[in-house]
Structures are given as structure tokens and as C-alpha cells.
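Presented below is the structure to which this report refers.
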Amino acid sequence: MTRSSLPRSGTFSEPAKKHLGQHFLHDRGIISDIVHAVDPQPGDRLVEIGPGQGAITFPLLDRHGELTVIEFDRDLIFPLTEAARAHGTLEVIHRDVLTVDFSALAHNGGPIRLVGNLPYNLSSPILFHALDHAPAIRDMHFMLQKEVVDRMAAGPGSKVYGRLSVMLQAYCHVTPLFTVPPAAFRPPPKVDSAVVRMVPRDPASIGVVDPAVFAHVVRDAFGQRRKTLRNALSQLCDSPQIEAAGIRPDARAEQIEVADFVTLANQLAARSA
Ligand code: SAM
């Protein structure tokens, strides 16, 4: 990893970069609510995604003394590192977060706790990247578009219940914490935001036997949203197999509980093993 090979350029006065999803938090009340929600404890291994100009970074450092951050914008690396000296020990990883192996970070001191006001254009890829490393992660506190948090936490029957809800809830407890208005950021985003807590489930209790089969079932089920499961899953299984999982073949994906998707996927995985 490229750790702190710093270009000596850039200041915090540079304009926000839209293509990097830069909306910098400036509302002290919200920042304090985030630090309070994370509630760092001695020995915790905190990792922040996208520290930007340090809005959350410095209060976390003041509270915890040490922190690892992952930032892609080279212009922010030097000013961030300089400003951090007054607050504590900052390890800077200058990389695209999607290329960072969270499991390798965890090897240096137990499961990591992820924090981040995420670039909204990358929120789904970052969430799925984190899921891939779930055993290395103790918990996550993320600021996301409120609409995404609503989808993550939705249950069957909700209009926004979908692939994201099922995939995340199968592996994590998802708890929306609070909503954040556009005025809390500079520049303000066009939409409301929300902070969400995600805690990976105990691997022994997850129940998903084959993650690839599970992902395939969920993708196909919601890929054809208006179709019955019998039709949407026709490439994967037939009606008797759907019924064997306790699911009506004429139901639609948005009516099915997460646990039932897991049962169906496990039966298909057992059949192909
Ligand atoms: N944490 C700061 C705050 O709350 O003010 C900045 C949040 S801003 C919404 C998102 C941050 O993620 C920016 O600093 C941006 O440069 C960074 N970022 C964007 N894409 C990234 C990527 N692929 N990997 C790591 N950081 C990224």
C-alpha cells in the first residue's frame, strides 16, 4: 500500500471536486453526533473512508488518539497530514478505497471499525466491498444519501425493499440513526443524507451457505421486479424448488423475507454441491 508518500501540494482552500463526491461536513452538531454514535473505546482500530478536510477525522483523533484514513484525492493528503499533527497519530492510506484489503488492516490489531461520510457516487460499491470483508469489520458508521439508507433498512412490502436491503440485511444488522439536511455540507448535496450503523452478524449465525449462489438468487429475483418468482428465477430453479423453501412461486421478490431468500439459496447450493 502507498502510505503517506505525500505530494507537497494542495490546501484545504481548494474547491470541492464533484467527481470525487466531495461534500464537506461543517455542522459541528452533526459531527459531534457522529463521534458520539461511533463512541470509540480504548483499543479500537478505527478506519475512516474519505477523510476529506478532516471534519470527522480531527474530532475522532481528539477523542481516540489514533486513526487510519483512506483518501483518494492527492491534493488533500498533505494538508490533512499536517493538520492532524495537532490532534493525534494519523496513518494515511492514499488509495482508492475499493482497492484496500480491509482484512489486511484488521491483521494489525483485531477487527476494524469503519467510519465515513462516503462519496455518494460510490456508496453501493463501497458497501459491497465492505461486505466482502465482513469478518474483518466490527461495525460501520456511514453517512449516505437518505434514500439509500431507507433502501438498506427496508422490509418486505415496502416500496423501497430490494436487492440492497436483502444483501445487506443477510450479513449485517442495519440501524438508521439520524437524518442530515443538505445545509450541513459545503457544497450542499441536492438530497437529504442519513447516518446508518451496520454491524456484521456473527458468521456462525449468518446461515448463507454459498454467498455466490445467494447473490445470484437475489439478483435474479429483483432483476425482474414485476415478475413472479417462478418467472424471475426460471434460470435457477423451478416451482417445486421454490415451494420447498416455503415460498409461493407466484409471489414477487418484494414480498419475500430475507430469511426465506437464504433458505432458497441454501437449498439450491446443496443441490449443486
Ligand atoms: N469526511 C469528509 C467530510 O465529512 O467532510 C469528506 C466527505 S466527502 C462526502 C467524500 C470523501 O471521499 C472525499 O474526501 C473524497 O475525496 C473521498 N473519496 C472519493 N472517492 C474515493 C475513493 N475511491 N477512495 C477513497 N476516498 C474517496
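Including glycine, each Cβ sits where the backbone N, Cα and C put it.
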Given that TrEMBL annotates His23, Leu25, Gly50, Asp96, Asn117 as S-adenosyl-L-methionine-binding, name the residue from Glu14, Glu66, Glu71, Glu82 that shares the site.
Glu71
For Glu71, Asp96, listed as binding-site residues, tell me which one has the smallest number of other Cβ atoms within 10 Å.
Asp96
Around Leu25 (S-adenosyl-L-methionine binding site), how many other C-beta atoms are within 10 angstroms of its C-beta?
20
Check Leu25 (S-adenosyl-L-methionine binding site) against DSSP and tell me helix, strand or coil, would you?
strand
Candidate with the highest Cβ count within 10 Å, taken from the binding-site residues His23, Gly50, Asn117:
Asn117
